[in-house]
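> Okay, these came from Swiss-Prot:
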- 84-97: compositional bias 'Pro residues' (COMPBIAS)
- 113-301: domain 'Rho-GAP' (DOMAIN)
- 333-428: domain 'SH2 1' (DOMAIN)
- 624-718: domain 'SH2 2' (DOMAIN)
- Ser2: N-acetylserine (MOD_RES)
- Ser154: phosphoserine (MOD_RES)
- Ser279: phosphoserine (MOD_RES)
- Tyr467: phosphotyrosine (MOD_RES)
- Tyr580: phosphotyrosine (MOD_RES)
- Ser608: phosphoserine (MOD_RES)
- 80-109: region 'Disordered' (REGION)
- Arg151: site 'Arginine finger' (SITE)
Amino acid sequence: MSAEGYQYRALYDYKKEREEDIDLHLGDILTVNKGSLVALGFSDGQEARPEDIGWLNGYNETTGERGDFPGTYVEYIGRKRISPPTPKPRPPRPLPVAPGSSKTEADTEQQALPLPDLAEQFAPPDVAPPLLIKLLEAIEKKGLECSTLYRTQSSSNPAELRQLLDCDAASVDLEMIDVHVLADAFKRYLADLPNPVIPVAVYNEMMSLAQELQSPEDCIQLLKKLIRLPNIPHQCWLTLQYLLKHFFKLSQASSKNLLNARVLSEIFSPVLFRFPAASSDNTEHLIKAIEILISTEWNERQPAPALPPKPPKPTTVANNSMNNNMSLQDAEWYWGDISREEVNEKLRDTADGTFLVRDASTKMHGDYTLTLRKGGNNKLIKIFHRDGKYGFSDPLTFNSVVELINHYRNESLAQYNPKLDVKLLYPVSKYQQDQVVKEDNIEAVGKKLHEYNTQFQEKSREYDRLYEEYTRTSQEIQMKRTAIEAFNETIKIFEEQCQTQERYSKEYIEKFKREGNEKEIQRIMHNHDKLKSRISEIIDSRRRLEEDLKKQAAEYREIDKRMNSIKPDLIQLRKTRDQYLMWLTQKGVRQKKLNEWLGNENTEDQYSLVEDDEDLPHHDEKTWNVGSSNRNKAENLLRGKRDGTFLVRESSKQGCYACSVVVDGEVKHCVINKTATGYGFAEPYNLYSSLKELVLHYQHTSLVQHNDSLNVTLAYPVYAQQRR
């Protein structure tokens, strides 16, 4: 269900004056429901003139706040369909390469390649990524009048500096670092972004504007309009504006640093655009476009207009119809004992205010963790329990977790932490997770299982192929970096030899001239030319290798992008396949039939049939249910047993059970939840009507879907194995 609405962009900063207002930051995107304007008596067409409307009530998509804002502070963008907030598909995300023990330059090159996209590095009210701000402030402080800035390459490795800043940017003292190293790190930062600051989608229009318009004033206005929202992403626009301010400041000191707008545009257009296989004409037009933008003053802002008169609003009494007496187990937002990784997956790319509650990782009875989406990141808040009361911090005042959560669904968490100015708006419901299976008969579900499993296998093969290529390319890059270092050392040795030869040759040439020995003179000159020629050959070889390395590094980044674009699909396909498989298992479908749909007739894997269900010792609960045993006794019983040997015991957590199983020669423990929907290791898998039903399912299904370190099935009941 969606409604019609309008979008506006903030032109000025506004600090709220009343409780019902919301803050505005330059560039914020706001949405207003059409119905709210109709209710105020405004007709179609007037939405495009917000300054005539006065105060509008809407939703700030950038900050996640809803309230009133002045129409004189915004501009109209266009119409938009407004839908209730739903989780978005997971976009590709670059993953950092695991650091190795060796700190060679090749390793540094590899580790410094991945960078998060701009949208993941910062969010308004920040005007640019913190790392970028720190670099440019240091460059402007140390090198504003430097005559070689951005044109002299430093001897240090900028990747090492960027990696250091990435880890702990606040603690690094840039005063001690040479300005050319900082400049190289800045250029490297722009080059390593997964996507260019200026998106490819606007290249053609920028070139046309730079080529066709004769008046610089007209061109500036149209270019400014082109590079604003919604043509480019919000973070890209803010970052580009920050860069242009930096370039403008440098160009104002061009009499000393020799960096006018033209020179700066030539230096930075390749990393701002990354236009592949561009003709020289296209490149020239893009350089001209950047030159025009740099020449424009970006620091000055027009003063904000006067606020429109604001009518008094009637006060409303908040109606809290939420049930504080509800059991925690029945709350849709309570997920029990799930891992932090699963929580991150469920909250990925959701709106600010999305939340869920799980058991605290400390496993202390009564302690829980609230995970809340704020500013595009997950915020973890501990819920403490003491003397029958709950809360985030002392004094604990709430009678239950449900009462605590319901309170903050109406009130901002700024009461607890000023930086968390958001309400608990959108619960992640555990009851909506099982609606994946839409078909209503077993045969239709089986066909869909076969379809999803086939897609999963194809994606897996594609990912494996890319991973092999990724690994091979990484190794080749390291080898080429090592070879370039060897070339550098060789060139250094030859140049020293050449200098030595020149120094001594002068004396001998003078001597042989006096003696009239032309033959010896020719021999000395020939040897010198031969040495020079050899140096040139080595330098050419190094240059070709550097070009190959540059191309291969681009390929490496492209492979990494493709892998990250496939990974979300792979994860989603696996989850969907497993949900279909679980649905069929719950309906009592035999393993033989499942294997046919999965294509496992002749292949043994986690879904293969080991032995007929009727013959399994698992049917006798006495072989694995040891009652009220503790962790130490369980470990003693399982010590020395083969992988897959297990038992089930009562847990120290009231109302739950624990499964102890041997994995890779070690005994591991995991909680079995008992909920209103059934037994299970985690939501949404708490579906089994009895412990026996759960044990029979995981006899042929690996626990790895719940925990990466538990790649094992419940194969051998502890007492059944002893009786054998």
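Note that the numbers count up from 1, one per residue, in the order the chain is shown.
Cβ atoms here come from the backbone N, Cα and C positions, even for glycine.
Give me the local environment of each listed feature.
In the predicted structure, the domain 'SH2 1' (333-428) carries a mean pLDDT of 86.
The DSSP breakdown of the domain 'SH2 2' (624-718) into helical (H, G, I), extended (E, B) and coil residues amounts to 20 helix, 32 strand, 43 coil.
Cβ neighbours within 10 Å of Tyr467 (phosphotyrosine), excluding its own Cβ and spanning all shown chains: 13.
In this view, Tyr580 (phosphotyrosine) is surrounded by 23 other Cβ atoms within 10 Å of its Cβ, with every protein chain counted.
Classification of Arg151 (site 'Arginine finger') by DSSP places it in coil, neither helical nor stranded. Taking a C-beta cut-off of under 8 Å and a sequence gap of six or more, Arg151 (site 'Arginine finger') has these contacts in its own chain: Ile267.
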> For Tyr580 (phosphotyrosine) and Tyr467 (phosphotyrosine), what Cα-Cα distance in Å is obtained after rounding to a whole number?
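Here the two Cα atoms are 28 Å apart.
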> When secondary structure is assigned with DSSP, how many helix, strand and coil residues does the domain 'SH2 1' (333-428) contain?
21 helix, 30 strand, 45 coil
